[in-house]
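Colleague: Handing you this structure, nothing more for now.
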Amino acid sequence: MDNVNQTLLTELILVGFTQNFQACILLFVLFFIMYILTILGNCFLIFTIIVSPQLHTPMYYFLCNLSSIDLGYTSCSIPKVLLDLVSKTRTISVTGCLIQMNFGLFLGTTECILLAVMAYDRYIAICFPLHYTVIMSWRVCNSITVIMWLISFIATLIPNIIKTFVFCSKNQLNHFACEILVVLELSCGDLTTVKTFMIYSSFVLLISPLLFIVVCYICIIISILKIHSAGGRSKAFSTCASHLTVVLMFYGTSMT
């Protein structure tokens, strides 16, 4: 009987936002403006890097990857959020929810690794400038990129292999998007193995990159303090400012 009930749930209800019409319109306008600015900003950045030969360096290559991830990450959930804000029925199919969850998890994991790679790139550029072109050659950069995307794909695939997510009774997601933790709360059956994997993978793929970034920047700061020229110090710090800002924003929102 349980198996029959499990197959009946084909839709889930997203209840993350208020039902107040005026509040929803305000949120729609805010989200829509931010989404358009995100799309335009990232597309402009990618286009500029591609058409400018002087920007064909490892730093901007990884920045282009970061912009592509940001485009995909926002586009996998925000369009649905915008639709729900102006819709009376905020439903999503189980298949659509799982696709959104896996796509977001895949891109989020990739961004964690990429931020660590970019920190390593800045570390080599500042601490070993004479060997930078050798250490961060295009062959190395391409290999790092392939490995990074492959690890993220495998890490996203494993929870789906461990257990097929089934929704048997509750159909209300207390969120505006299908995030992994919310989906796990709603899913039926024994989730011990999946949750254990998520804990360990979170440490490896979320905390470990952060610790690596911290170590890289400690080494960078020590190296910069050894520079006698104030202009040299300022230039070195400026090359890390944008990356540090992204790291603080990403981990600040991820851990709240």
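Backbone N, Cα and C atoms are what each Cβ position is placed from, and that goes for glycine too.
TrEMBL: automatically predicted annotations, no manual curation.
The shown structure was predicted, so the numbers you read here are calculated from the model rather than taken from an experiment.
In case it helps, TrEMBL gives these features for our protein:
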| type | residues | note |
| --- | --- | --- |
| DOMAIN | 41-256 | domain 'G-protein coupled receptors family 1 profile' |
| TRANSMEM | 20-47 | transmembrane segment |
| TRANSMEM | 103-120 | transmembrane segment |
| TRANSMEM | 140-162 | transmembrane segment |
| TRANSMEM | 199-224 | transmembrane segment |
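I'm curious about the neighbourhood of these features; can you describe it?
Modeller: Panel annotation: around the transmembrane segment (103-120), residues 59, 62-63, 65-66, 69-70, 72-73, 76-77, 144, 148-149, 151-153, 155-156, 177-180, 205-206, 208-210, 212-213, 216-217, 243, 246-247, 250, 254 of the same chain, lying at least six beyond its termini, place a Cβ under 8 Å from a Cβ of the stretch.
Here the transmembrane segment (140-162) has long-range neighbours at 58, 61-62, 65, 98, 102, 105-107, 109-110, 113-114, 117, 180, 193-194, 197-198, 201, 205, meaning same-chain residues at least 6 beyond its ends whose C-beta is under 8 angstroms from one of its own.
Long-range neighbours of the transmembrane segment (199-224) within the same chain, counting only residues 6 or more positions beyond its ends whose Cβ lies under 8 Å from a Cβ of the stretch, are 109, 112-113, 115-116, 119-120, 122-123, 126-127, 151-152, 155, 158, 233, 236-237, 240, 244, 247, 251, 254.
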